[in-house]
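In what follows, a single structure is set out as structure tokens and then discussed.
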Amino acid sequence: MRRDVRILLLGDDGVGKSTLITSLIKEAFVANVQHVIPEVTIPPEVTPDNVTTHIVDTSTRPEYRDTLETEIRKAHVICIVYAIDEPATFNRLSGHWLPYIRSLGVNVPVVLVGNKIDLRGDDVSNKCLEDEVVPIMNDFKEVETCVECSAKQPLNVSEVFYFAQKAVLHPTAPLYDSREHVLKPACVDALQRIFNLCDLDKDGVLDDAELNEFQRKCFNAPLQLQELEAVKEVVKEHEPEGVNDIGLTEVGFLFLHTLFIQRGRLETTWTVLRQFGYGDDLTLRESFLCPRVEIPVDCSVELSPKGYQFFTELFQVFDKDKDSALKKSELEALFKTSPGNPWAHTAFPQTTITTELGAVTLQGFLAQWSMTTMLDYQLTLRYLAYLGFEGDTTTAIKVTRPRKIDRRKGKVQRNVFLCYVFGAPKSGKTSLLRGFLDKPFSDQYEPTARPFAVVNSVEIKGAEKYLVMEEFGTQYEAEVLQNKKRLDKCDLLCFVFDSSDVNSFSYVVNLRKKYHLEHMPSVFVATKSDSDLVLQRNEVQPDVYCRHLGLAAPISISVKSRQMADLFNILTAVAMCPSIATPAGYLDASSSTVRMKRYLTAVGVASALIAVCLLGVRLYRHHGPSSSS
């Protein structure tokens, strides 16, 4: 809502424009006033809506013509004044003034003001006013209302300026079609969204508790039981389908707001709309959807405990069949108050944990939001607003410590980690990512046509962490590796090569050399260990290459045989303690000497896990990847 209102008084000379202004300011009639009153500014503390109000007088004299047009263009609302004792001034409303305003390309609310009602004598009312004004309002939709007053008595003077303010702050035009006497489609859409958000149990009805929560949120005052019943009785009388045994239906909710508007209580509907983030154009305000958040360089963004709690409760509300998973119809219902599924352009739900039938589990739902927040926190903020997060959406996220500080200290305190996966075509990158989610293995090769990211939770020393793994395909690989900002967002690199393809390892070696990736924490993975091992066409074999870098030997896995050697725990542990997998030239000597020990102990709390890792390293160094895996 704007914080200032500029009111322009327009009309023929002699109708009392200047006198109206002086009567408002002096609270008394002033007989002799200057021809044009200087602009008057009323401070916000003395106005009902706490806005600064500027009142501007005008003249129709030729010497004021340029000023008149300028002021019309600057106005937020125009009051066209006519004298009730001079019918010609009323006729010129539709014959001159309204067409003139339109000819200047100005589209602002207009209030018609009939002055000098004191000349009617004791009975100042006008029973024919509606009949006189309705034809004008039908032809000129910008006319909000008509007010009759007397600057001399004074009578209804403050109401003139109140309705002018109201026409700007609570306009009719965006909400209501005065000709058809119905809510406009954009208003219906907004109110339906608000109804759905307030329907906390998603049964299609607002019960008394939900109505009172709505009342508290919008007006900070709950309704008494008698008041609630009175509201429902009014709806039932005029719109029987608006109420049932449980409470107020969507039809009833829309009817109430139609009634508010028809009775001139537009501020009620506007208060509701603005409380739920809508601007004057009935779209959600950008400041509401995406509040400003300072993200220092090299920091990432994660969900806060409040964020995880919100998405957990949201999941539970929409899991109507209580099977601990959201199927397609339940996801569609969940995103009903938003522009749609935020992951529609991705491979979702193949990007996270699902049931065999493809329904998203709670673990998968939270993991997907963890990945979204890391990769595009602004999208998460928007959807927190769309989906009805209560209060400041920035409290649902948190900013982490810079990665460079983490790497320098040798330990990371974050909960969500990003791993880029690189390797030659057909080396098994996509299968590896699908294996992370326990998806079925496929022998059919499909080239990666666009970036593909997956996410899952990994338990490290009793704490749940989220690992995001992303591959890019040869088409986008160079774009990512040349982009320092993209690399800075990454916690570690996973280099994948096919242990049964003689040329596969040289691909990742050349990649590291070409893009100078020596400073990045790295883990090498030998895939397809269930196939025959071959010598790689490279200056040195993979285990020797890694030893020269001061890194552990490649981890040998078979996605097809589901023998993963705790790879994902290892990757997460490396992300948490990146120094253990950073090439030796980028660490001090003492760090290098303890690298292997730290690498092996970081990934498990049990001696059995350490033994598995040691065995894997030993087997690879002496025999290469095992064909039995």
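Even glycines carry a Cβ here, placed using N, Cα and C.
Those TrEMBL annotations? Automatic predictions, nothing curated.
For the domain 'Miro' (2-170), the mean pLDDT of the prediction comes to 92. Residues annotated as domain 'Miro' in TrEMBL: 2-170 (among others).
Same-chain residues lying 6 or more positions outside the domain 'EF-hand' (186-221) and placing a CB less than 8 Å from one of its CB atoms are 174-176, 228, 231, 244, 246-250, 253-254, 257, 269, 271-273, 275-276, 278, 282, 317-318, 320, 333, 336-337, 387-388, 390. Among the features that TrEMBL reports, domain 'EF-hand' is placed at 186-221 (among others).
Here TrEMBL flags 306-341 (among others) as domain 'EF-hand'.
What TrEMBL lists as domain 'Miro' is 414-577 (among others).
Marked as transmembrane segment by TrEMBL: 567-587 (among others).
Per TrEMBL, transmembrane segment is recorded for 599-620 (among others).
The DSSP breakdown of the domain 'EF-hand' (306-341), given as helix, strand and coil counts, is 23 helix, 2 strand, 11 coil. Only residues 6 or more beyond the boundaries of the domain 'EF-hand' (306-341), in the same chain, are considered here, and those with a CB under 8 A from a CB of the stretch are 193, 196-197, 200-202, 348, 354-355, 357-362, 365-366, 369, 373, 380, 383-384, 386-389, 395-397. When the domain 'EF-hand' (186-221) is classified with DSSP, helix, strand and coil residues number 25 helix, 2 strand, 9 coil.
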